[in-house]
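Per Swiss-Prot, active site, proton acceptor is recorded for LYS240, and the stated evidence type is similarity to another entry. Annotated pyridoxal 5'-phosphate binding site per Swiss-Prot: ARG138, GLU276, in sequence order, evidence recorded as similarity to another entry. Taken from Swiss-Prot, the feature N6-(pyridoxal phosphate)lysine applies to LYS240, supported by similarity to another entry. For 1-34, the entry in Swiss-Prot reads transit peptide.
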Amino acid sequence: MIHRGLWLHNLVQSYRVGSSSSSSTLFKLVYRYNSSTSLAKSSLKQSCELSCKSNTEPSNMDWDKLGFKLMPTDYVYSMKCSNEGNFEQGRLELHGNIELSPAAAVLNYGQGIFEGTKAYRKEDGSLLLFRPDQNGVRMRIGAERMCMPSPSVDQFVDAVKQTAIANRRWVPPSGKGSLYIRPLLMGTGAVLGVAPAPQYTFLAYASPVGNYFKEGLAPLRLYVEDEFDRASPGGTGFVKTIGNYSRCLAALSRAKNKGFSDVLFLDSVHKKYVEELSSCNIFIVQGNQISTPAANGTILSGVTRSSIIEIARDHGFKVEERKIAVDELMEAEEVFCTGTAVGVASVGSITYHNKRVEFKTGSQSVSQKFYSTLIGIQTGVVEDKKGWIVEID
């Protein structure tokens, strides 16, 4: 192996002799060499830190008081996309801020999508993922809609696995919560006019979380929004683009200021049909029939949503995906919400046009039955007969 100093000396001498070579080219080559050397050292350092940290529980951590707030962990997974549209080998980096051009497409034109999945700890300490491949498929669908290249499903799942393993000490004990993993795909290349970015970055970071809503497992209080809408036909409501969530903030803030847990949006055309909440899907129960709004292009086809549809049918319920008028919603026996962040959450009341209606909740409710089955599968307590669980350790 050539000594680093001798290699640089020979490189400089060769460029001094060659008159056709520019100093900028020399700088780029030396910079690349220094960068690759630093990268190797950094990777070695991170590997050492990873092996030391991975099994050491964070100090002063009260797992019983976890909410749904960002708690930075140790590592972030990063993967760059070349100009040819191929994603390079990803790597783990220490958690920290990232640098972006002020002209990055994600900042100027919102060219970005994200996913959400969770890692759970079994009683024996091993880690489980719940259907991460479905999140990978959905990211690819979203990327196509947003004119972005996307990692393959295998690359996506591998990134989630690596993120979970690297941050395993932050996975709460069984029954205390989960490690929420946020994969993010964004146009990081600089553009001035409206156009797809020239470069893209995939990231995955993690945070230990408990219940999404401040109510914990208590029934939710929802407010039906009939002024603002979340999505419109032909738009991006069916993908997890970042703009879908920022447009919910005004309505959500208004509802929370009135003491509600979340806001329920109606369709943008008729202002009559139920769509979804700011962060999750909705179901209604009437006897042995369960209904949820059809995924027709304006709502997100949630991974938890599709799982609950299967679980409900396994429990003998008839499940329909169809249009649900808000008047029918208000006459339901039971209402509940589903999502990766929220799990399965029962709805205690809904307010629409100053009319408040209460719904069945409690240990005998349908939603509680589904919640117990779902969380049981996710944590390894209930047998997974569907191949949904990926055990990674």
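Just so you know, glycine gets a Cβ as well, placed from its N, Cα and C.
Long-range C-beta contacts of ARG138 (pyridoxal 5'-phosphate binding site), restricted to its own chain and to partners at least six residues apart, with a cutoff below 8 Å, comprise GLU115, VAL239, LYS240, SER301, VAL303.
DSSP gives the residue listed as 'active site, proton acceptor' a coil state; it is part of no helix or strand. Around LYS240 (active site, proton acceptor), a 10 Å sphere centred on its CB holds 23 further CB atoms from the protein chains shown.
The secondary structure of GLU276 (pyridoxal 5'-phosphate binding site), as reduced to three states from DSSP, is extended strand.
Sequence-distant neighbours of GLU276 (pyridoxal 5'-phosphate binding site) (same chain, six or more apart, CB under 8 Å from its CB) are ARG230, LEU264, PHE265, ILE282, PRO293, ILE299, LEU300, listed in sequence order.
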